[in-house]
Amino acid sequence: MELIEKHASFGGWQNVYRHYSASLKCEMNVGVYLPPKAAGEKLPVLYWLSGLTCNEQNFITKSGVQRYAAEHNIIVVAPDTSPRGSHVADADRYDLGQGAGFYLNATQAPWNEHYKMYDYIRNELPDLVMNHFPATAKKSISGHSMGGLGALVLALRNPDEYVSVSAFSPIVSPSQVPWGQQAFAAYLGENKEAWLDYHPVSLISQGQRVAEIMVDQGLSDDFYAEQLRTQNLEKICQEMNIKTLIRYHEGYDHSYYFVSSFIGEHIAYHANKLNMR
């Protein structure tokens, strides 16, 4: 992994690395925050998945996560949201193609050549982190919007691999909303049964479980009713007896002003779970 940025932050280092991804067949950037204690011991890892139009920079420059990661001794890994490059398929829209990988494995041309974000996040990236950084095997996952969707899907499909999961403003019923329908049709084809592998509410209804789910949702979020539908997740978790910490916040929107307001509580939540295991 090639170090391309290094910034001192809260006694640790906010770095950005570039590496070639065998899963995605392109060069990828990834942000890694190493708290002060990483200089002398191995620490657990939180993977953060960003939302539509984002890259590895949005979370590390806007959320203020470094302060809390330093306090709780957690390495934070923030990858890009899709494969990148002039040779990678793209679309002339913000919600498909580069910047909109949806953390799935595409099966349809031209996307299936590079868009294997599920494999990248689940397998390739953790292997790189374990090999290059002072990381323990304990890991948790979180994300925002499209990234919240990805975090929920990865945790629900791999409950033994992630100690805990949380999300900000996640897309919980993607096959029922425009963002998900358009992306899934392109990446996965018209067989809607295949879509359910990346549909958190459906995964839970089929019996996939995690110990607990934490979600924060702003009630002034312009996408709440049409695209996110947090209440669907709350309802199915109640029906399936999955413990939740779902909080609705008056006045907060979909932006990083919202994420930065509550990221400290998410880091504390994950730190508590990681230290219990």
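Backbone N, Cα and C define each Cβ position, glycine as well.
On a predicted model such as this, the values are computed, not experimentally measured, just so you know.
Feature list (source: Swiss-Prot):
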ACT_SITE  S145  active site, charge relay system
ACT_SITE  D221  active site, charge relay system
ACT_SITE  H254  active site, charge relay system
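Positions of the features from Swiss-Prot, shown on the structure.
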residue	record	DSSP (3 states)
S145	active site, charge relay system	coil
D221	active site, charge relay system	coil
H254	active site, charge relay system	coil
C-alpha spacing of H254 (active site, charge relay system) relative to D221 (active site, charge relay system), in angstrom: 5
Densest Cβ neighbourhood among S145, D221, H254 (active-site residues), 10 Å radius: S145
Distance, S145 (active site, charge relay system) to H254 (active site, charge relay system) (CA atoms, angstrom): 8
